[in-house]
């Protein structure tokens, strides 16, 4: 039996949107409550459970986005211990909007270590969703220039997002 890769760093993902949902929920960072942000205008649902990595700050000013590839979807507000296997970079009307691709820290997902271990069909589904999910919404758009990156790139982005949050909290204290 192969030993688990215990070197991969784990982190908590707070799921906001279950796989298949057309409702876009967001957790209010101040209150912890889950709010309905909007219902997608397109006839498609999220390809994976979607949320954010706790304790991070993305370049867009929100916690770093994450897609959790689960066999069975969970509910909004559920925390899942995960590890990164890749990153999907996209650009929308606000600028860069990276999504970390994750799997649960569970022995049943040990065969997925990096982006190349994710099925090409699933990557195509993710790409198609994020290229189209804002297509019918006024004032929203997705720009060309999206790409997938490996687990190392995702882990680097997570580290930078944690540092960004720490820096922003230090700046808040000194003001």
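Including glycine, each Cβ sits where the backbone N, Cα and C put it.
Predicted automatically and left uncurated, TrEMBL annotations should be read as such.
Over in TrEMBL, the protein carries these features:
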type	residues	note
ACT_SITE	97	active site, proton acceptor
BINDING	16, 65	Mg(2+) 2 binding site
BINDING	24, 38, 50, 133	substrate binding site
BINDING	60, 65, 97	Mg(2+) 1 binding site
BINDING	92, 97	Mg(2+) 3 binding site
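For residue 65 (Mg(2+) 2 binding site), the Cβ neighbour count at a 10 Å cut-off comes to 22, with all displayed protein chains included. Using a 10 Å Cα-Cα cut-off around residue 133 (substrate binding site), the recorded positions 16, 60, 92, 97 reduce to an empty set. The CA atom of residue 97 (active site, proton acceptor) is located 16 Å away from the CA atom of residue 24 (substrate binding site). The two recorded residues residue 16 (Mg(2+) 2 binding site) and residue 50 (substrate binding site) have their Cα atoms spaced 6 Å from each other. Cβ neighbour count for residue 50 (substrate binding site): 22 (other Cβ atoms within 10 Å of its Cβ, all protein chains included).
Ranking the binding-site residues 24, 38 by other CB atoms within 10 A of the CB puts 38 at the bottom. Cβ contacts within 10 Å of residue 92 (Mg(2+) 3 binding site), excluding its own Cβ and spanning all protein chains shown: 16. Counting every protein chain shown, 14 other Cβ atoms lie within 10 Å of the Cβ of residue 60 (Mg(2+) 1 binding site). Nearest neighbour of residue 50 (substrate binding site) by Cα distance, taken over the binding-site residues 60, 65, 92: 65.
Ranking the binding-site residues 24, 38, 92 by Cα distance from residue 60 (Mg(2+) 1 binding site) puts 92 first. The separation of residue 65 (Mg(2+) 2 binding site) from residue 24 (substrate binding site), Cα to Cα, is 13 Å. Largest Cα-Cα distance over the residues recorded as binding substrate, namely 24, 38, 50, 133, equals 15 Å.
Within the group of recorded positions (16, 97), the Cβ with the highest number of other Cβ atoms inside 10 Å belongs to 16.
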